Structures are given as C-alpha cells and as structure tokens.
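Features reported for this protein in Swiss-Prot:
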| type | residues | note |
| --- | --- | --- |
| ACT_SITE | E181 | active site, proton acceptor |
| BINDING | D43, D82, E114 | Mg(2+) binding site |
| BINDING | D43, S44, D82, K112 | 3-methyl-2-oxobutanoate binding site |
Amino acid sequence: MKTKTDFFKMKQENEPIVMLTAYDFPSAKLAEAAGVDMILVGDSLGMVVLGYDSTIPVTVEDMIHHTKAVRRGAPNTFIVTDMPFMSYHLSMEEALRNAQRIMQESGANAVKVEGADDVVNVIRAFTKAGVPVVAHLGLTPQSVGVLGGYKVQGKDAESARKLIEDAKLCEEAGAIALVLECVPKQIAAEITKQLTIPTIGIGAGDEVDGQVLVYHDVLGYGVDRVPKFVKKYANIQETISHALANYIADVKLRQFPEATHMFTMKEEEWIALYGGKRT
C-alpha cells in the first residue's frame, strides 16, 4: 500500500497520482486490480449510488458503511473518505468524534474535508490528533448552495488570490494532499508549484500532481450526462441495458434457463420419491 511518503515522492519525481472514487466491494476490487494509487470514497455516493439530488443528505454512517465495503475490496490501496456535510462544523469535539469513527470503524487511511477559513482549524486539530487530512478547495459540493451552483471557481483575480492563500493555509495546517475541483488550469498550476504537498485535480487542468474522477463517470455507468472535465473510457450503461433486455426476452420466451443451467436428479431417485410410481 502506498503511503503519504510515497505520494510526496511521486510529486517530487513528477509521477502523476491516479485517484478514483469507489463506493462498494466490486468497484474497489477492480480499481485496486487496475493499479490506482488512491481510492476516494466520496460523499458523491449520495448522488451516484443513493439517488439524492446532492451530497447534503449523506451521513457519517453512510460513509462508514461504504468505506468498509471498499476496504474489503481494496485491502492494499490507500483510501480517503469524505467527511460528509456538517460532520465537522458544529463543534470541534463532534468533528473529532466523527473523524475518529470513520478512521476506526471503516478502515480509511485519511479523511477529506472541504473549504478553508474555519476548516483550517479542523485540519490542524485532526492532524494533531493523528488523523491524516486531505483538503478540498475550488468547487466544494457541500457548499454548492452558497457558491451559487456547480460553477468554476477562481476565475477572477480576487477569488484566485484567495484560492492560492487558502491552499497555503491548508498545507500549513497539516493537510497531506489537496484536491482542486473546477478551477482554471493556471491557478491549479500555480498552487501546485507553491505547495510541497501533492495536488489532485478534478477539472483543474493538466499541471497538477494527480487526477481524480468519479468511477461511474469514467465507465459511463448510471449517468446520462457528465461534466466537461470528464473523459468517458467506456459505456457500461449501454452494455448493461442490452444485457438486461436480453435476459427479460429470454425469460419471457422461455429460452432461459437452458439445460446447461439446470440441476437434475438421477432417474431412480426421482422414481423413489413417489414410492416407485412415476407422476
């Protein structure tokens, strides 16, 4: 399993870090077998797996449940788990308790928190308590209502300057990596140059230290539209739809099951079942 030290070395040697989301056992198993460097159990599971309109309804229990499944599927991969909405805002005591639960109960290697400002103190407290933290700046889905929707962040000089300063604050507070979402490539590149910790982009251009995408977006599974920054590497949804249609047709036409899918009794046992009389 790669560690924080490995990711820092990858940054220094200019080797891109590959991160991918996973939410269950089979997806995690495939991700690990493929050789991803890091798995993110994102609160995006609320929209991708649970069918919510946003990440807001996702709970700590949800994150623990799904991370446990991912850990079973990927026992040798570094796993980062999202701290869900309001799980680290009400009080420092509650934030620490929730982080403790995720680390102890789920098998995660680190937690991820969104934003800077007051969140910097959370990063500092988690780090002091021995909880590795990945920071997340730019488009932060838990704050999408405040941000005015799913929009690119840091497009003007003032907001870009704040992004750069916030990134530095996150690093100073102890973050081991930084996710940059939906920010101009120039700003992401500048942040990457100024930080010693790895940056992982999602819609942040090609001059960051790594990339992360949502599993279902990459595979074209269960999603009708994907963001501009996504490259679809397959269309699993079409394959699944075709397979299910064939299954339904075979059952309706009594073409499934075939002989190769059935179990049979020996003739004498079948006869003995009814006392030597055939039915």
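Including glycine, each Cβ sits where the backbone N, Cα and C put it.
Not measured: the values here are computed from a predicted model.
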(message) List the recorded positions among D82, E114, E181 whose C-alpha is within 10 Å of the C-alpha of S44 (3-methyl-2-oxobutanoate binding site), in sequence order, or say none.
(response) D82
(message) If you count, for each of the recorded positions D43, E181, the other Cβ atoms lying within 10 Å of its Cβ, which residue has the minimum?
(response) E181
(request) Determine, for the Mg(2+) site, the additional residues of the same chain whose CB lies within 8 Å of the mean position of the CB atoms of D43, D82, E114; present them in sequence order. (result) G42, S44, T55, V58, M83, P84, F85, K112, V113, H136, P141, Q142
(message) Taking only same-chain residues 6+ apart in sequence, whose CB is under 8 Å from that of D82 (Mg(2+) binding site), what do you get?
(response) L40, V41, G42, D43, S44, V58, M63, V111, K112
(request) Rounded to the nearest Å, what's the C-alpha distance separating E114 (Mg(2+) binding site) and E181 (active site, proton acceptor)? Just drop the number here, would you? (result) 10
(request) In three-state terms from DSSP, label K112 (3-methyl-2-oxobutanoate binding site) for me. (result) strand
(message) So the record assigns D43, S44, D82, K112 to 3-methyl-2-oxobutanoate. If I measure every Cα pair among those residues, what is the longest distance in angstrom, as a whole number?
(response) 12
(request) Please work out the number of neighbouring Cβ atoms within 10 Å of the Cβ of S44 (3-methyl-2-oxobutanoate binding site), leaving out its own Cβ. (result) 22
